[in-house]
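S.K.: According to TrEMBL, the protein carries these features:
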DOMAIN    81-104  domain 'Glucose-methanol-choline oxidoreductase N-terminal'
BINDING   83, 91, 92, 93, 94, 219  FAD binding site
DOMAIN    254-268  domain 'Glucose-methanol-choline oxidoreductase N-terminal'
């Protein structure tokens, strides 16, 4: 006989942890949280600098794109968290919300009533335990620890100075009244430890008798009875199990996982379902469409002196010292999130908000697949085009729940996106050429050893080395049009008792990293579920 809960949550990532933690604040509500990955106990998850060891590990789904026709037919790795806490357990912990105008556009252009910045700001504030003063842009009473860098690396400080020499204004708070400028990022850390949604929301809730958490279970489909979701079917190491939801099923499996679950359940574009040999239960053409992501480009620099954080990749006494320093005092290189500094710039004339973002790392070869130089002698500057026009898709390849979906980000499909990426790369190189950084640099190392000077050189480089920023969104888009998958209340169109709550509901990507907006979406969803939104 199937166990019954009030709410069954499919996906224990950032949004799922927020939902589980908040909904079980009511002792009369029974919640089941299902996660395909395992627990988040590994020390690398909790040490801020440890994220460098987590991409391309067992905590990553190991997804890859289909060959990207606008990127020289390359297959691009797409790291996504497969662990309690999801991406928030393996990311670089950068805490940015996006521009106010991003959310106003959701409300005005896409018909997402209730999602303008003025209407959703309270959910950002509610989530935060920010070490800064609260008013007017930060909260201090929420679960999610948000901190400033502890003793930033000297190279990070030099980058901030170089950005100002380039012409960017100093910005002490990217989550304040404006994004434009250069500065140090706040991060989801507390007391020099990662503060993921798993740590902030789920861990305190685990002792509640009304919460059940199941790890290492793969959701195979949503159970439907006519036009209503009634539960979830999962695959476990011991076979198939089903769980009933007396109130709602909440799908929170991310921009790749949520459309996959809907499609396996027979909810999606009829052509996609038939191609995968899945019977159509409810035709909803937008499922899996509208995939978009920030396209990233990296430039690596070789330093004159032995000083960068990637020296910790070497087994030397200094590495052991860093470990002891962190264990004893919660400081030193391991307390760094590595992505300490960055900025927001304008790439196109006439834009009202920045359309380029930079991440500076006082290290090289930190992420899987990114080039390195001699350990201790490298730094990296990433650039992102924030307003992509290109749209791709996520489709199941068969009715096998264990098969990875076909993921097509369709990077660089438009001239606008190509030009944006080129401008981001050009500005990156110009910032790093300013005196405050140039004095540290021995040589620039572009991937492939390419010489990039002419427009044609830039085009070739961008198509050869553009990659994901790990910010996929949009595949269960919120709105009111024919392509909308969920309503502004996050209810799946045409199905009762079923919502999607994660980054997949963003109708358009925000102009920033996506963790903080995903937490906000889940916080607002809790009020919508309770009838308070």
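For all residues, glycine too, the Cβ spot is worked out from N, Cα and C.
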S.K.: Test of understanding: give the count of other CB atoms lying within 10 angstroms of the CB of residue 91 (FAD binding site).
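M.R.: The answer is 26.
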S.K.: Between the binding-site residues 83, 219, where is the Cβ count within 10 Å the lowest?
M.R.: 219
S.K.: Which whole-number mean pLDDT does the model give the domain 'Glucose-methanol-choline oxidoreductase N-terminal' (81-104)?
M.R.: 98
S.K.: When you tally the Cβ atoms that lie within 10 Å of each candidate's Cβ, which of the binding-site residues (92, 94) has the highest tally?
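M.R.: Sorting the candidates by Cβ neighbours within 10 Å, the top entry is 92.
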S.K.: Taking DSSP three-state, what's residue 83 (FAD binding site) in: helix, strand or coil?
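M.R.: In the DSSP reduction, residue 83 (FAD binding site) maps to strand.
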S.K.: Quick check: in three-state DSSP terms, what is residue 93 (FAD binding site)?
M.R.: coil
S.K.: Among 83, 91, 92, 93, 94, 219, which the record lists as binding FAD, how far apart in Å are the two most distant Cα atoms?
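M.R.: Value for the max Cα separation, rounded to a whole number: 29 Å.
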S.K.: With an 8 Å cut-off on Cβ-Cβ distance and a minimum sequence separation of at least 6, pull the same-chain contacts of residue 93 (FAD binding site), or say none.
M.R.: 48, 51, 187, 188, 189, 194, 337, 339, 515
S.K.: Looking only at the domain 'Glucose-methanol-choline oxidoreductase N-terminal' (254-268), how are its residues distributed among DSSP helix, strand and coil?
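M.R.: Each residue of the domain 'Glucose-methanol-choline oxidoreductase N-terminal' (254-268) counted once, the result is 11 helix, 2 strand, 2 coil.
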